[in-house]
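Structure record follows, encoded as structure tokens.
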């Protein structure tokens, strides 16, 4: 089976029409990603979060995570899935950052705490020249790695916009990657892939599109981003306008409880103010999505969770 890289990227771009990577993967894609081209070096770091974004990626279907790791990216560092740990793992991470200086993707999962000099999130330890242990904060890690990266991808809403760790009442000074970049005057390409958690297709598709641009910028321009730094490829659709219950809304047929049929707008659905292709792409291998049995809580938006609270409304 033969498939060129150009054809592969076109297939990935079919996400606009609701066809995701998980629906179009076949053996030819492996050939396209490996024939005559290097895999994208990736360093994945974790700050304040629940690891849900990593879990979502690990649940990718067609391609499965095995194929993503073996054929699409070169995952050099990931605290959850890598075999090494402790000082050895961090040492490897810094070695990779130097080896691929200016040519690796930095994926950031979780918010960055800045209060108390960032000590609310210690990501590991290193040894100095005298053999003394040095605790590395998430703040320090991003300061060290981001300027050396080719581009940074903020994976998940906590990383992209602050999310739950930065919600009202937090004492850790949690910040999004973009706010941290602004404070530290870090000028690197930043792409936000929000979601609580993001869909696997959004993460893999963004990396594929970005890496294809690196390999051939003439043929593959960077995906267009919206004002909030999100790829319109995945975040250009309004949930409400693509909802299967839209006709119920237009006819004022509103559900009174979650067990009753009808539009759930009066139960707190945030679909009208939320932009993502969830209605087309769906979740869990295309089986279902949030509005199937609950409501959209607007998890991909910059004002989540405070601006989307309460999630449910009793009418």
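Count begins at 1; order follows the chain as displayed.
Heads up, the Cβ atoms here are built off N, Cα and C, so glycines get one too.
Residues or ranges marked as [4Fe-4S] cluster 1 binding site in Swiss-Prot: 50, 53, 158, 196. According to Swiss-Prot, the feature [4Fe-4S] cluster 2 binding site maps to 240, 243, 263, 269. If you look up Swiss-Prot, you'll see 278, 290, 296, 299 marked as [4Fe-4S] cluster 3 binding site. Residues or ranges marked as signal peptide by Swiss-Prot: 1-32.
Sequence-distant contacts of residue 240 ([4Fe-4S] cluster 2 binding site), defined by Cβ-Cβ distance under 8 angstroms and a gap of at least six in the same chain, are 246, 249, 269, 271, 272, 274. For the binding-site residues 53, 158, 243, 290, counting C-beta atoms within 10 A of each C-beta gives the highest total at 158. Here residue 243 ([4Fe-4S] cluster 2 binding site) is positioned 9 angstrom away from residue 278 ([4Fe-4S] cluster 3 binding site), judged by their C-alpha atoms.
Counting other CB atoms no more than 10 Å from each candidate's CB, the binding-site residues 50, 196, 269, 299 peak at 269. Around the Cβ of residue 296 ([4Fe-4S] cluster 3 binding site), 27 further Cβ atoms fall within 10 Å across all displayed protein chains. Residue 263 ([4Fe-4S] cluster 2 binding site) sits 19 Å from residue 299 ([4Fe-4S] cluster 3 binding site), taking the Cα positions as reference.
The 10 Å shell around the Cβ of residue 278 ([4Fe-4S] cluster 3 binding site) contains 23 further Cβ atoms across the protein chains shown. Here the CA atom of residue 296 ([4Fe-4S] cluster 3 binding site) lies 18 Å from the CA atom of residue 158 ([4Fe-4S] cluster 1 binding site). For residue 53 ([4Fe-4S] cluster 1 binding site), the spatially nearest entry among the binding-site residues 243, 290, 296, 299 is 299, judged by CA separation. Listed in chain order, the residues near the [4Fe-4S] cluster 1 site other than 50, 53, 158, 196 are 49, 51, 52, 109, 110, 156, 157, 159, 163, 164, 195, 197, each with its Cβ within 8 Å of the site Cβ centroid. Comparing Cα positions, residue 50 ([4Fe-4S] cluster 1 binding site) lies closest to 299 out of the binding-site residues 290, 296, 299.
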